[in-house]
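Below you'll find the structure, written out as structure tokens, and then a few comments.
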Amino acid sequence: MGTNLFSINKPIFEMPFFLFLCFIGIVSSQLSSDFYSTTCPNALSTIKTGVDSAVSNEARMGASLLRLHFHDCFVQGCDGSVLLNDTSSFTGEQTAAPNVNSLRGFGVIDNIKSQLESLCPGVVSCADILAVAARDSVVALGGQSWTVQLGRRDSTTASLSSANSDLPNPAFNLQQLVDAFSKKDFTTEEMVALSGGHTIGQASCSTFRTRIYNDTNIDSSFATSLQANCPSVGGDRNLAPLDSSPTTFDNAYFQDLQSQKGLLHSDQELFNGGSTDSQVNGYVSNPSSFQTDFASAMVKMSNLGPLTGSSGEIRTNCWKTN
């Protein structure tokens, strides 16, 4: 006869507590910073080498990798779902309005994954690669580091509808931003800190056209300079830097907001006579406070709804399920 919970000779309440936790699946579901210390000891250094090389080759890639992690975590948790390609029988998240023609960095993640599969096959998840690559990208561009908790597993599903509904829109006003982040259990203060991720990278004309032609809370010379490369019609994918030092992770983003030089409408909403103005001022006067707050908020974001234990899988290729 098979053994069941109630026929174990030793009563379950006499089990050592740790074994009991493992038995009911609690310990196995925890993320930890040393998750790969024995199973793939060179995992973190391999990811860092891949990120450093990619960012050295193109500084903008650091922002792209950070964004990839953010767009992963805000849609059904940090599970690598954003990496799944569409197939004839599967619809992923890459064609969602916030993602289409703008997500980048897939090749960098694939290259890192390939190296890790050679080192330790079937061990390191794509979701964990995204989380570590985001941290390493920020550090490569001058930002503060943080400890990434590890042990996420990869989803076998994705959600186009959630990508369309849950990711913040560049046209959002302050309340819509607060609501979008609150839905993921972030405070308004954490939302402002995470918005500072726009201190690196570029955005396409289609995301800021309305702002530079219609908004009134914008420096006029700044708007005019942007209009030269972002016509009222056409040029949708022409790029402009998100702040005045787009390859350095600093507080220039917040300085620009004070000068009404936020590129996106949603950026300038953080400094527009509302409740978050004081936090923007604080990050300008105390740059290190931004770095610390950003790092803390990133730890929280990277812990959104991970798959752990026996949930999900460890993909062999990040762009398709096993």
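Note: Cβ is positioned from N, Cα and C throughout, glycine not excepted.
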Recorded disulfide counterpart of CYS318 (TrEMBL; options CYS120, CYS126, CYS205):
CYS126
Disulfide partner of CYS205 per TrEMBL: which of CYS120, CYS230?
CYS230
Taking TrEMBL as the reference, CYS120 is linked by a disulphide to which residue in CYS40, CYS73?
CYS40
Let's check the environment of CYS205 (disulfide bond): how many other CB atoms sit within 10 Å of its CB?
20
Could you state the whole-number distance in Å separating the C-alpha atoms of SER81 (Ca(2+) 1 binding site) and HIS198 (heme b binding site)?
23
Under 8 Å by Cβ from CYS230 (disulfide bond), counting only residues of that chain that are 6 or more apart
CYS205, PHE208, ARG209, ILE212, ASN238, ALA240
Excluding THR199, ASP243, ASP250 themselves, which residues in that chain have a Cβ inside 8 Å of the centre of the Cβ atoms defining the Ca(2+) 2 site?
GLY196, HIS198, ILE200, LEU242, SER244, SER245, PRO246, THR248, PHE249, ASN251, ALA252, TYR253, PHE254, ASP256
Ranked by the number of other Cβ atoms within 10 Å of their own Cβ, which of the binding-site residues ASP72, ASP250 ranks first?
ASP72
